[in-house]
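Student: Below: one structure in C-alpha cells.
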C-alpha cells in the first residue's frame, strides 16, 4: 500500500511537472502568436510604405518628364508659329506686289508704265518674301523624348524581400593590437551592395579559447560601422585577452555573428596595496590621498609596534638586508611603512619583460615620488634613499624641484615639471625610464641590473595621486629606448 502511494506520488509529481511544462509552452505559443501578428503588421506597414515611396518616385519622375515634353512642345510651337506668321505676311505682300505688276503690265499708258515698273522693281528688292528663310526653325520630330523602361521594368519585377546578410569573417592576421588600440578587420564571403552597416561586439576575458557560457565581462556593442574594419582606441588592457565578433546588417535585418576571435591584450596591471601602506595614506585600488589623521586612530598599536621594532631582529637595517625569500611581499601581509616613509607599493611583482604605467599627481603636493623598489625595501626607508629603490622625486617644500634618486644620491632634472609621469621598466635590460606622459619626453633613465623582482612604488606627503595601469608600452617609448640606449642618464650620474 505504501509503495503504491509512493509510486502514485511520483506519478503526480511527474504529471504536475509535465503540466507546468505544457502550460509554459502554451504561454510561449500564445506569445509567439502575438509576436507573429505584431511583426506581420509591422512588415506589411513597412512594405506599403516602401511601395508608396516607390510610387511617389515614379509619379515625380513622370510629372517631371511630362513637363519637359510640354516645355519642348511649347518652345517649338512658338518658333514654328512665329515663322508661319512671318511667312504669311510675306506671302500677302508678295501677292499684292504680283497683282500690281500684272496690272501695270496691262496698262496702255506709257508714261505711268515706266514709273510703275521702276517702283515694282524697287519693291521686289525690298520684299519680305526674298528675305525669308524657307527652312523650318524647329523640327517636328520628338524622337529624343522617347523612353524605354524595359530595364527598369525588369528591375521592378525582380523586387523581392531582403535576404539575410552573409556572415562576416574576421581576419586575425590583419588585426592589430598596439598602443592600447585594437584594429579588427573582416570581410564578407561575397560583396553585398545591400549591406547598410555592421555591428561589432567585444568583451574582455582571461581565457584564450572560445567564449564561455559565463564570463566575468559583458559584451560591449559598437553600432553603425560603415567600413569592414574598426579601431577601438584608449582601451585599458586589464585582462589577458579580448574577444571580438561582428555581424552585417541591411536596412531591415541582421545576419549571424561571425566566429568569435580572441586577441591577446598584454599589459601590466596592478593595484595599490593598502595593507602595507603608511597609515597617513588613504589608499584606494588606483589612487591615494594624504590623510593627516590616519595615524592617530591606533596610537596604542603604534607604540607596541615601535617597541617590537626596537629589537635587533626587527631593526630597519636588518629589514633592508633580508633575503628575498624571507623578505615581506606586497602580496603577503608585509609590515606597514611608518615614520616618514609615506610609501605605498603595488601588489604585483616585475620579474621579467617590459612594462609601462602612468601616474598623475597633484603638483601642489609637498612631496611626491614614483618608481620601483625591491621586495626588501625597509618599512622606514624612504624611496630613493637606499639601494633598494629608484625613483623620481618632486619637492615642493621650499623650492619646487624634480630629482632622480637612488641609494641616497640625487640628480636635479632640468625640465618643466609635468603633472603626469610615464614609467617604463625593462627588467632584463635593467632599464627604468621616466617620461612626461603628455608628449613622451624622456625625463631620466636609470641603468642597473635588477638582482631581485621589483614592485611599483609611490610616496606622497600632503597631496594625492592616481595610477593608470593596463597600458601597453607605447611604440614611441620603445623606439626612443632604442635610440637612447647609450644615454648618459644612469645611476653613475647621480651625486
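In case you wondered, yes, glycine gets a Cβ from its N, Cα and C as well.
Got these off Swiss-Prot a minute ago, pasting:
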COILED    4-99  coiled coil
DOMAIN    105-162  domain 'COS'
DOMAIN    164-268  domain 'Fibronectin type-III'
DOMAIN    281-476  domain 'B30.2/SPRY'
REGION    306-332  region 'Disordered'
MOD_RES   490  phosphoserine
Student: Can you count helix, strand and coil residues in the domain 'Fibronectin type-III' (164-268) using DSSP?
Tutor: 3 helix, 46 strand, 56 coil
Student: Can you count helix, strand and coil residues in the domain 'COS' (105-162) using DSSP?
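Tutor: So the domain 'COS' (105-162) is made up of 33 helix, 0 strand, 25 coil.
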Student: Over the domain 'COS' (105-162), what is the model's mean pLDDT?
Tutor: 79
